Amino acid sequence: MGLLSEGLTQLLIPLAALVGLAFALLQWFLVSRVKVSGSYGEGNGYKDKLIGEAEEGVDSLEVTTKVAEIQNAISIGATSFLFTQYRYLSIFVGVFSAIIFLFLGSVKGFSTKSEPCTYNTGNTCKPALANAFFTTIAFLLGALTSVLSGFFGMKIATYANARTTLEARRGVGKAFITAFRSGAVMGFLLAANGLLVLYITINLFKLYYGDDWEGLYESITGYGLGGSSMALFGRVGGGIYTKAADVGADLVGKVERNIPEDDPRNPAVIADNVGDNVGDIAGMGSDLFGSYAESSCAALFVASISSFGISHDYTAMSYPLIISSMGIVVCLITTLFATDLFEIKKVSEIEPSLKRQLLISTVLMTAGIAGVTFVALPSEFTLFSFGTNKAVKNWYLFFCVAIGLWAGLVIGYTTEYYTSNAYSPVQDVADSCRTGAATNVIFGLALGYKSVIIPVFAIAFAIYVSFSLAAMYGIAVAALGMLSTISTGLAIDAYGPISDNAGGIAEMAGMSHEIRERTDALDAAGNTTAAIGKGFAIGSAALVSLALFGAYVSRAGIETVDVLTPKVFIGLLVGAMLPYWFSAMTMKSVGSAALKMVEEVRRQFNTIPGLMEGTAKPDYATCVKISTDASLKEMIPPGALVMLTPLIAGTFFGVETLAGILAGSLVSGVQIAISASNTGGAWDNAKKYIEAGASEHAKSLGPKGSDPHKAAVIGDTIGDPLKDTSGPSLNILIKLMAVESLVFAPFFAAHGGLLFKWL
């Protein structure tokens, strides 16, 4: 037994979650003190303070009112899209819940009799029908938590964007703190919510399961499936929405009409800003929640069939949840470094401050993991490893978690090197724009492919070490280690779209050039950190899906996965093809939606008199409708591909072919996801490098409207669906197929492989 008693563990986990929620509310309260619109009334004292401290040439009250109007339009657009999307998803959740119940219930013919345990031999476990029921409940809870994570994140982001714009009048430091605090609200809400719901679910299920921990933690895997299935549709739908608007706004506005990015004359500009929130905030929130839920479920399942589960050591069993609890505390301390301990005074300090967050949280978390490991785990124990028991010491697990954590940092910093315009890779891409869009595209693709090398080595090293030390449990906790600083990671990630929106609002409200420069600087830093967030998401997805793959192989009763057998090899080939098929669908969806958007924006410029002169208002609503309709219609086929593949493969071709499919999709999906995200990020920042003109080299390529700038815009437009739709969605594909296979493994093991049985 570890040093930590069961009672103390039961107290500390929910306490950490509640502290996280309280901290999120505190950050939200601090952001809410920046007033927008009518609440600027006389007598609240805030207006005088704000105007008094502002720079010279402060924008008038009329501009403030305009800022409030724009914020309101973005908020309404984002909320109505999410509600429409959730209506569609509620039908999916209902249907899929029924599938889970019927498939798992039929494993033993809907029998209500207790049966012998699979792993804890000699004991009896609860009936398969109970597992079917509780897995369905866990699936519903995971789906609900995922939806709430995305929705609250989006509400906070749309609440904070205008406040960031207004704070930019007082200086870049004030605006940075507002944007970062808002991101932190989302980060802490998501981490604390995910932990609290999972903890409560386990304790409620325990009332029925009692000593049957094998069945309890098997049914908990439904929580990860629910979280990730919502994330898939959120990511794909939001990604199609945002990129259709972005591509339409850029191609007609920047390239054809030569007007700024967020010019209010551009009809697609509101849709573009709404898209940032539904794709990069709501989608990203659901995605990282899915990763967190799945890595926790994989670790808990593998532990439940090891000595922790068999000897009913609750504290050791809860080790994954204790890591997440420690992560919330560490991230809370880390956040104070950005918002309270160091004040940003210059534009050049923004990006280093965000990167410092990653380093501080990683160093503190390493110490936190060491403490947690030695108090929560016994000094020696055994772990389940494909039919055998592996003897493990507690400090092995410290290395597993720590190596996942540090591999995440390596992936983050490598991503930053390849996507930030402070370094040579992006500057070379910008330089290639001198000879047109074709060379820009060639250089960008080469950069993306090259950027895969170091992350893949980091993931491979983490897998080898953690598997050698603690089998599949080691890989599961390494994934948790990478995600343990999720609150800080999400705060940095959400900061980007909030700053982007703030810049758009400043442009549309006609604020001074100086304010726009500040918001642009915030946005450029956010762009790079968003790429880091995507790197984290992909790296953790690789580890999570491998851990789930191990759990699936154990649960399906496969002794070895032999690549030389035809059943497995055909699975490998098909699995490696799936990420390409999925990317083709999502890219084409963005293309067809963008086509409609470009035609609509051109139509408005050609038919509305006075639009270019700024005397007439564009029809924003039609562009919002085009994005909404396209994303809701187009998210269904890629979603169906991911959800149906494991069901069809497992039922008709059997557990071994499905194992091949999971391995193939993991290997090719990780490569494509990293290269797509980094290529898109590099093109985006190459364009921003030229627009900012911060160095002599950048000035020689500019200004806005020059031929190199137009070539850069075309590269950015091609990169948009790569970095914000296909790339980030692929990490959900590899995780979701693995967790779905694990949930349905009992059915596939009992009734799968129909085709091979008939032949």
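For all residues, glycine too, the Cβ spot is worked out from N, Cα and C.
All annotation found in TrEMBL is predicted automatically rather than curated by experts.
According to TrEMBL, the transmembrane segment annotation covers 88-108 (among others). Sequence-remote contacts of a segment are chain residues at least 6 beyond its ends whose Cβ falls under 8 Å from one of its Cβ atoms, and for the transmembrane segment (88-108) they are 115, 127-129, 131-133, 135-136, 139-140, 143, 147, 222, 225-226, 229-230, 233, 632, 639, 643, 647, 743-744, 746-747, 750-751.
For the transmembrane segment (128-154), the residues of the chain that approach it from at least six positions outside its boundaries are 78-79, 82, 86, 89, 93, 96-97, 100-105, 107-108, 110-112, 115, 186, 189-190, 193-194, 197, 201, 205, 208-209, 215-216, 218-231, 234, 277-278, 281-286, 289-290, 293, 490, 494, 743, 746, judged by C-beta separation under 8 angstroms. The transmembrane segment annotation in TrEMBL covers 128-154 (among others).
Under 8 Å from some Cβ of the transmembrane segment (175-202) lie the Cβ atoms of residues 13-14, 16-21, 23-25, 27-28, 30-31, 34, 138, 141, 145, 148-149, 152-153, 156-157, 159-160, 163-165, 167-168, 216-217, 220, 223, 227, 281, 285, 288-289, 292-293, 296, 300, 321, 324-325, 327-328, 331-332, 335, 338-339, 344, 350, 353-354, 486-495, 498-499, 502, 518-519, 522, 526, all in the same chain and six or more residues away from its ends. Per TrEMBL, the feature transmembrane segment maps to 175-202 (among others).
Here TrEMBL flags 317-338 (among others) as transmembrane segment.
According to TrEMBL, the feature transmembrane segment maps to 358-376 (among others).
Under the heading transmembrane segment, TrEMBL lists 396-414 (among others). Within the same chain, residues 319, 323, 355, 358-359, 362, 365-366, 369-370, 373-374, 377, 451, 454-455, 458-459, 461-462, 465-466, 469-470, 473-475, 477-485, 532, 535-536, 538-540, 543 sit at least 6 positions outside the transmembrane segment (396-414) and bring their C-beta atoms closer than 8 Å to a C-beta of that stretch.
According to TrEMBL, the transmembrane segment annotation covers 441-464 (among others).
Under the heading transmembrane segment, TrEMBL lists 470-492 (among others).
TrEMBL lists 536-558 (among others) with the feature transmembrane segment.
Taken from TrEMBL, the feature transmembrane segment applies to 564-582 (among others). With a threshold of 8 Å between CB atoms, the same-chain residues lying at least 6 positions outside the transmembrane segment (564-582) that come near it are 638, 641-642, 645, 649, 653-654, 656-669, 672-673, 726, 729-730, 733-734, 737, 756.
Residues or ranges marked as transmembrane segment in TrEMBL: 641-663 (among others).
The transmembrane segment annotation in TrEMBL covers 732-756 (among others).
Against the transmembrane segment (470-492), stretch 317-338 shows more Cβ pairs under 8 Å than any other of 317-338, 441-464, 536-558, 641-663.
Same-chain neighbours of the transmembrane segment (732-756): 100, 103-104, 106-108, 128, 131, 135, 139, 218, 221-222, 224-225, 228-229, 231-232, 235, 287, 290-291, 294, 297-298, 301, 541-542, 544-545, 548-549, 551-552, 555-557, 567, 578-579, 582, 642-643, 645-647, 650-655, 657-658, 661-662, 665-666, 669-670, counting only residues six or more beyond its ends whose CB sits under 8 Å from a CB of the stretch.
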